[in-house]
Amino acid sequence: MAADGGRSSLQLPCVFSPKSRQYLALCAQDGRLRIWNTDSKTLHQEYVPSAHLSATCTCIAWGPCRTVKEGPQRKKRKSEAVQTEEKADLLAMGTAAGSVLIYSTAKGALHCTLDGGHSGGVNCVQWHPEDSLLYSGSDDTNIVEWDLQTGKTRSKWKADRSAVTSLCVSPDGKLLLSAGQIIKMWNLDTKEVYRKFTGHATAVTTLRFATTRPPDSNGLYFLSGAAHDRLLSVWQVREDGKDKNSVVSFTLTDEPQHIDLVASNSKDEAVRLAVVCKDGQLHLFEHFLNGPCKKPLSPSCTVQMSDTKENPMPIPLLAAAFGTDIRTVLLAYGNHLQPVMERVEINTAERHQCLTRDVQTSLSLTMETMVSKVKTPIVNANNRVLVPGVPGHHAPVKVASQGSEKRKKDTDTKEMSIAERLGEIDLSTVSTDKAAPKGMASLQTDNFAVLLVQGLESNDTNILNKVFQTRKEMVIKKTVARLPLPAVLPLVEELTKRLQGHPFMAVLMVRWLKAVLMHHTSYLASLPDLVTQLGVLYCMIESRVKMFHKLTKLHGKLYLLTTQVATSDSSNMVSDVDHTAKLVYEEESSDEDEASGDEGLPDNDSDHWEEEEMMEEEDKEEQADEEDEDPDSRTESKANGEEDMEHENESEEE
């Protein structure tokens, strides 16, 4: 195997094919599997999984080399009979959704999909060296043994309390190493634990067998590396079982990202190790494994790469593999989307080496070889090819049939300037006047794309205002879709500036920003410094979202207040309208009316009452007893209680 099968989800998988190192398989940030040919240094195959965004690839492992029948071939004679060459064909990819994809490089398509084994994301996959078996470890703490002939699980068992992050099968195919933090060695025949080792404080990302000796000979060694750990630990499998601690340690500058080793077959043969760290450096080790070593071992040679500029910047190494020669090392460096592969002879006598490379020129050479495969159409010299969205392209303008020849002659002699084009384009007439005459130029989306590019290049506010004033969704979508890619980022920056202005303008800019994100998200995601360039837009959106939460609270409170005020006003209006008296009392005698009319003068009223009493004594002496029995009939119209008391006293005296 060219690289470790187990790998954490934070690292992008990058693996060389076994034996010949002919292919380099890697998954970049976009979720696509790319297989590069290390001999021709070109892209050999590219595969896009159906769920490459939701179920991203987390680990890659090449299967053992095998003979592949590429197609029907004629029978060869005995003299022509040659031994068939074994090539790397199958490639296993673990996904975050819990499935395992088997890809065939000979077919250039998906071989099969292994589903139903894991309930969590797959962290590591490992092939059996002889049988058609595959092992996978997952976040669900289980190990699954897959049978590739049937495509189903052969066995499944719980390996650890935590997630299984790394696996490795012994060269003889009898033992299996698994690790979360504690390293366990399993007997594949019985699926029982053979040995346990202390392990690391963090999740183990790398497990590799360093020797090919049997476990009973005290000569079986394996090494392990963990996340955030700058040491590679070597463990010995002893007969007495006293092998819980590591025996040798290799010092690194950062956590290991890619490991390739040449195992030792005997005590007299040293183990050669090439480790690419997370910081982009390569460390070479060579050591004889004969028991414990107290001091950690430093690398025999360290290799770094940098560019050829005045202020050199480091170029990160992605992977390294030993070649057929002892001194040659196959390197892959640069970016995961476009790696550069090179075979380098390294002088191990020098402890530190720095290789300078011009990545741009090497990338341009590989791009030229890739582009040369594309057939270019044969075009006559008289013809002119115009592509929509490219500066210099003019949309066809519908004109009247009269005078068409004269207009053609005029367009051949001179071109219209930008100001003249702006004068002819009137957005209001296009949107309102549907029955416009045929002689007027109709506004095309191609014009918008060209004008928008010209306005962004020249920073002309008049052109940008004319283009941004449109409200039609289809016009905005087509214009953004036909923009060239270099104009997308300046457009986003211009929209960000205008979003910070008047709210009326911000409403229009949001439509343009939505169209840009719908059409060009994949391009924006591929930019390396996107976070710094879109930081202003992100901060503005975040601040406005926070303010929106406060405004919604204020809006709710104001709505409650306005509804309460409205209900109270409506109740007051109902009470004011109701002017009708609920009870009406009519007085009977005219004397009481006169008395009630003089209620404001209590003294005069009392004198008048005495005169009435004197008249009643002279005229009606016979009815005095009846008046004593019913004194309330004369006092109903009186307002003061004191007058009533005086009337009762005088009636008693009489």
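In case you wondered, yes, glycine gets a Cβ from its N, Cα and C as well.
Curation does not apply to TrEMBL; its annotations are automatic.
Note that the structure is predicted; figures quoted are calculated from it, not measured.
What TrEMBL lists as compositional bias 'Basic and acidic residues' is 404-414, 632-641. Among the features that TrEMBL reports, compositional bias 'Acidic residues' is placed at 586-631, 642-654. According to TrEMBL, the feature domain 'Small-subunit processome Utp12' maps to 459-562. Sequence annotations record features per position, and here TrEMBL assigns region 'Disordered' to 390-414, 586-654. Positions annotated as repeat 'WD' by TrEMBL: 115-156.
Summarised as a single figure, the pLDDT of the repeat 'WD' (115-156) averages 91.
Across the domain 'Small-subunit processome Utp12' (459-562), DSSP classifies residues as 87 helix, 0 strand, 17 coil. Assigned with DSSP, the residues of the repeat 'WD' (115-156) fall into helix, strand and coil as follows: 0 helix, 23 strand, 19 coil.
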